[in-house]
Each structure stands twice: as structure tokens, then as C-alpha cells.
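See below for the structure under consideration.
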């Protein structure tokens with residue numbers, strides 16, 4: 001595959017430039033985005049969180065065939081607790097191939113890129129949780145602290161924190177020590193597989209900025225490697241903090257390799273999907289050995305977190321029988337079918353301690369899957385959902401005992417009045433491990449608009465304490481999302497996450513809102529566009545009726561025209577009020593000076609005049 005065959009979107013967003021903030025060592029260079037505003041406006045550039053990696057830096061030459069820079073490689077090796085090894089051989093079944101079939105897509109050249117898998121040395125635990133518990137502040141933790149702060153120290157004086165955080169512990173300033181302490185408590189995770197050195201460190205936790213995840217992936221009937229890599233780049237361009245590859249078709253291994261090697265954000269997967277492909281889609285033929293081999297395969301590639309549906313227990317399955325929509329999780333339904341076919345307990349549950357040891361060797365995080373999440377608002381908060389959540393709490397403590405990082409997945413479809421209870425129960429049962437929810441959708445009547453029905457719930461659950469929101473696209477329940485659906489989903493969820501941060505009173509969250517509001521009131525149209533979550537869409541909507549460049553200077557838009565613009569009228573009222581205030585002040589001075597039309601010149605002034613010649 002070459003850059004000519006794989007079209008990747010590059011270049012900065014409108015009005016923006018990439019900057020880097022250096023930490024305590026030269027190789028800790030934290031990428032951010034600065035939005036420059038109109039010269040002469042008196043406005044400083046607005047600094048915003050950036051997930052786009054080298055793709056928006058014009059000074060970087062990205063070669064997809066070699067992957068993006070390995071930012072963390074030296075940090076990982078210098079700790080001395082991992083070792084290179086040969087790794088498992090790439091097998092035809094990894095890509096869904098039958099014996100004798102050849103792969104039909106390009107394969108990333110790992111050997112040419114100098115890549116060999118890493119794993120823990122015997123007796124070592126190379127996880128961010130283990131380091132945090134030992135009191136070690138890693139370069140990754142320092143990177144995260146700088147990234148979360150941006151210009152917080154300068155901004156906090158200008159913005160009052162007036163939100164409701166429901167018992168969170170959001171600091172005025174994020175320090176590396178605070179990051180370490182939150183990870184050590186299990187309240188935050190820093191997804192960072194030792195085999196994904198390309199990923200820029202980020203953190204997920206309720207005391208940090210609310211994050212979003214974008215799902216991509218092929219299916220048995222649609223998409224290609226090219227499309228999925230571009231979807232990843234596209235998703236991070238618009239603000240995805242992590243990306244999950246949910247591929248279910250052929251060439252899963254090859255597609256994932258291209259994605260990971262070129263991803264600046266953590267990558268998650270659901271390993272049971274690939275394991276199922278290896279047994280021709282027959283859930284009853286799954287075995288622990290096949291699943292374990294799949295975990296190793298993906299950990300060696302560099303997957304940062306796995307969704308593991310270990311909470312779908314045999315005793316919970318009958319609780320779903322009277323549901324409106326049964327079991328809607330793909331992973332949950334696969335494991336439920338296996339349990340019923342064998343009348344045995346879920347092998348992900350019975351082998352959980354072994355999974356912990358395996359994940360610890362690579363610092364792969366757990367995303368404990370909600371296989372029994374409600375798929376309709378009629379099923380929200382039922383016994384099956386909360387029974388599984390209780391088991392996830394049990395498994396969280398087991399994973400922590402192995403120094404594994406954990407996040408907890410949540411619903412789903414939940415009406416607004418039932419959302420808060422989900423967060424409260426998750427915090428109670430799972431020891432404040434970060435919550436990661438799919439929406440939730442607050443109504444079931446809007447196919448084609450489920451990015452909106454879910455963003456309503458996402459904003460609410462984020463406010464209540466969910467740490468990461470999994471996006472929903474307009475194609476949810478209808479089909480595989482394309483590139484534009486990904487953009488729509490990401491931007492919609494950035495909006496929901498930001499709304500949650502505002503409501504929580506997150507320091508500095510309102511700076512961008514205030515800057516855009518001032519630009520709007522002052523008719524600085526380009527600043528409005530550039531400060532928005534989707535500058536290109538904002539510009540396109542404006543230019544639909546007023547495309548001329550001069551319209552970017554006009555004090556009106558096509559909605560109200562020049563005579564009915566409320567902001568223009570408001571400015572005129574303000575100017576009139578200022579003039580009236582000035583007149584009132586002059587009137588008061590006139591009265592205070594004696595209300596005389598003509599004033600007699602003071603005697604001292606007359607004496608000071610020179611005599612006439």
C-alpha cells in the first residue's frame with residue numbers, strides 16, 4: 001500500500017495551527033491546537049485539546065507505509081521491565097482465510113519498520129497502574145497533566161466555576177502527581193499498550209475532561225482497509241480521543257495493523273468478534289484456547305484496551321427472556337449462546353484471572369463489557385442489566401489485584417429520568433472505576449437521528465460522572481457508517497462531552513464559548529467559524545446564501561438581514577445607552593457647577609492674564 005493508493009486527510013483545521021508544549025524532558029512534547037483570532041480584535045489565540053496527531057501538522061511528512069512516529073518507544077524501553085520476543089506467527093485464520101487462500105489486501109511491513117513485539121519480563125508489571133501504585137510518575141503521566149491543563153492557570157481567573165460536579169474531585173490545576181494518584185486509586189486509566197508506542201498519552205476519568213470514542217470497522221458486506229484507516233484519521237481529526245476497531249469481516253488482522261501503526265490515539269477492540277470469525281461464526285464452537293490466542297495476537301499488535309464480556313453469567317440470561325429487545329450486545333449475545341449451548345458458565349468469567357495476567361504483560365486495559373445492556377428504553381435499569389453490573393464490580397477488583405487498568409461499559413437505551421441511577425450504581429458497585437457509555441439513547445423513535453437521541457443522554461450522563469462517551473452515528477441501527485457519518489457522530493459527541501464539562505464546572509471549559517460569543521456579537525464571522533467544533537460546516541451554512549467575501553464583514557446574516565439582526569440592534573442600543581449615560585453625566589456636572597449658562601471667570605485666572613500691550 002502506498003500514499004497514492006491510500007488517501008489520508010492531512011492539513012490543519014481552518015484558522016488553526018499545531019503547537020507543542022514541552023515538559024521536564026525534551027521528548028515530552030505535548031501537541032495542542034491554537035485557534036488564531038482576527039488581528040486587532042484584542043483577542044488572544046484560544047488553545048484547545050487536540051487528538052489529530054501528525055496529520056494536522058504541516059511540518060510532519062506522514063508515510064502511511066511506515067506508520068506515525070513512535071512517541072513513547074524510548075519511555076517504554078528505558079523502564080527496563082519489558083523484553084522483545086519473537087511473537088506468535090501470523091496465521092491465515094487471523095484474517096478469516098481458509099487453507100490455501102491468499103490474503104487480498106496489502107500487509108503492513110512490520111519487519112521493514114523494525115517492529116518486534118514486547119511483553120513483560122518475568123515477574124514484572126509494566127502497567128501504568130503498577131507504576132502509579134509504586135509512586136512513580138511516568139513521562140506518560142506528565143504528558144497527560146500538561147495536555148489536560150492547556151492554559152488553565154491563565155484562564156481560571158477569567159472564568160467562574162459554577163457547575164455541579166456530583167461529588168467529583170476536579171482540581172483547579174492538573175499536576176503529574178494528581179494524575180498518578182487518580183490512576184493509583186483506579187479512578188482513571190491511561191490506555192498505553194507497550195506495543196503501541198505511536199499513541200499520544202491520554203487519560204479517562206471523571207475528574208478529567210470528558211472523552212469520546214469513535215467506532216470504526218469493516219463488516220462482512222462493506223468497507224476496505226483504505227476506508228477504515230481513513231476513518232480513523234478522520235475521526236481523530238474531528239476530536240475522537242480513542243477509536244475502537246469493531247471489524248467483523250475478512251482481513252481483520254491486516255486492517256487492524258494498518259490502523260494501529262498509524263493511530264495517534266489508543267485503539268480498542270472486542271476480541272470475541274475475531275475469535276468468532278476463526279470458528280466460522282459458530283458461537284458454540286468457541287473455546288478458551290481460541291480466545292486466548294486471539295488476545296495474544298491483538299496484544300502483540302498494540303491494542304490498548306479490550307472489551308471483555310465476562311459479566312454475562314448463565315444465571316442472568318433467563319432475566320432477558322421477557323425483554324422487549326432481548327440481548328442487543330453482539331458480544332453479549334455470542335457469550336449467551338455459548339453458555340446455553342454448553343450449559344456452562346461463561347469461559348471469560350471462569351478464566352478471568354488468566355486474562356488478567358495476560359493483559360498485565362502488555363498493559364492492555366480492560367473495558368468490561370455490558371453484554372446485557374438495554375437495547376430499548378422499555379428494558380432500561382432492569383434486573384439483567386444491574387445484575388451484570390454487580391458482577392463487573394467484582395471483576396474490577398480482581399483486575400486491580402493484578403495491576404490491570406479497568407473501565408466499565410454502560411448503556412445503551414435509557415430515558416432521561418433513569419440516567420442518574422446508572423451512574424450512582426456504577427460508582428457504588430465498581431469502586432469509581434471510569435464509566436464508559438454508549439449514549440444512552442433517551443428515546444427509540446428516531447432512526448436516522450440517533451446521534452441526536454443519544455447525545456441528549458450522553459450530555460446528561462457525562463454531567464453525572466461518566467468519563468468517556470461512545471459516539472453514535474446517524475446510521476445507528478440502520479447500516480455501517482461511512483466517513484461523513486463518522487464526522488457527524490464525532491462532532492455531535494464532542495458537543496455532548498463539552499456540555500458535560502461546562503455543567504460540571506470544569507476549569508477553563510467556558511473559555512472557548514465566551515470567545516465565540518464575543519466573536520458573534522462583534523460580527524467577526526471567520527472567528528465564529530474557526531472557533532466552532534466544525535468550522536467547515538459553519539462556513540458552508542453561512543455561505544449558502546451569502547457567499548461573497550464581503551459578507552464575512554457584514555453586520556448581519558441571511559436569517560434576519562440588515563434591519564432585523566438582534567445583535568446589531570443590541571449594539572445600537574448599547575451605543576445609545578452609552579451616549580445617554582454620557583449626557584446624564586454632563587447634566588449632573590452642569591447642575592453641580594451651579595446650573596449657570598455663563599460662568600464668570602475666576603479672579604485668580606483674570607490676575608494671571610498678561611497685561612495688554
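Glycine is no exception: its Cβ is also placed from the backbone N, Cα and C atoms.
Note that the structure is a prediction, hence the values are computed from the model and not measured.
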- Note on the structure: Note: Swiss-Prot has 215, 244, 273, 309, 329, 330, 331, 370, 371, 372, 373, 436 binding substrate, and from 198, 394, 409 that site also includes 409
- Helix, strand or coil at residue 215 (substrate binding site), per DSSP? strand
- Item | residue 413 (Zn(2+) binding site) and residue 273 (substrate binding site), Cα-Cα, nearest whole angstrom | 23
- Residues near residue 373 (substrate binding site) by Cβ (under 8 Å) yet at least 6 apart in sequence within the same chain, in sequence order, are 328, 329, 332, 385, 409, 410, 411, 412, 413, 438
- Message: For residue 413 (Zn(2+) binding site), which of the three DSSP-derived states applies: helix, strand, or coil?
- Response: strand
- Cα proximity to residue 477 (Zn(2+) binding site), best match among binding-site residues 215, 331, 371, 436: 215
- Within 10 Å of the Cβ of residue 329 (substrate binding site), how many other Cβ atoms can be counted across all chains shown? 23
